[in-house]
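Novice: Pulled the feature table from Swiss-Prot, pasting it below:
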ACT_SITE  THR6  active site
BINDING   SER162, CYS165, THR168  Na(+) binding site
Amino acid sequence: MTFKGTTIVAVKRDGAVALAGDGQVGLGNGIIVKRDAVKLRRLYKDRVVAGFAGSVADAFALFERFEGKLEESQGNLRRAAVQLAKDWRTDKYLRRLEALLVVADREAVLLISGGGEVIEPDDGIIAVGSGGAFALAAARALARHTALPAVDIAREALQIASQICVHTNDRITVEQV
């Protein structure tokens, strides 16, 4: 039985970074088992926020590993992300994990994947999960055409995604750094 997480969006704007995640957790067969899950974690002395989409158990294993990499690199987000991606790609156990991580501090927003990719979006906005494309489009439109702060853009983008994607709900958690 695999539990799946759904949608995360991150927005960097005017020196602030916000991550938002919906609360829905479902089984692979479309059954909703939890509506108010928290898919965001504060890490490294509350200076880093991380969110996940994909397998819940896999994401927790990756959060733990990433937190260790942050400690080793004394909070250097990029270095910790590259080290996790390298381990994820080369370690026989980690390679089987199915999740995507979005991590952020005040300086950067990064996507880390199991293929060894560490991606920093050009515009400081990224979204993953089943409603990721909807949340990304909404966040970019809001960033271009409003003066809303990062936290409001992230929340509203996820709200919009929840109205379009059946695997994303409107029980939204937001964390800001």
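Cβ atoms are placed via backbone N, Cα and C, with glycine included.
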Novice: Say you check the Cα of THR6 (active site) against those of the binding-site residues SER162, CYS165, THR168; which is nearest?
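Specialist: So, of the listed binding-site residues, the one sitting closest to THR6 (active site) is THR168.
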Novice: If you take the centroid of the Cβ atoms of SER162, CYS165, THR168, the listed Na(+) site, which other residues of that chain have their Cβ within 8 Å of it?
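Specialist: Near the Na(+) site, the remaining chain residues are THR6, THR7, ASP22, GLN24, SER130, GLY131, PHE134, ALA135, LEU158, ALA161, GLN163, ILE164, VAL166, HIS167, ASN169, ASP170.
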Novice: Please give me the CB contact count at 10 A for THR168 (Na(+) binding site), counting all chains in the structure.
Specialist: 27
Novice: Among the recorded positions listed here, THR6, SER162, which has the most company in the form of other Cβ atoms within 10 Å of its Cβ?
Specialist: THR6
Novice: Could you check what DSSP calls THR168 (Na(+) binding site) once collapsed to helix, strand or coil?
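Specialist: In three-state terms, THR168 (Na(+) binding site) counts as coil.
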Novice: Reduced to three states, what secondary structure does DSSP give SER162 (Na(+) binding site)?
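Specialist: Assignment for SER162 (Na(+) binding site) reads helix.
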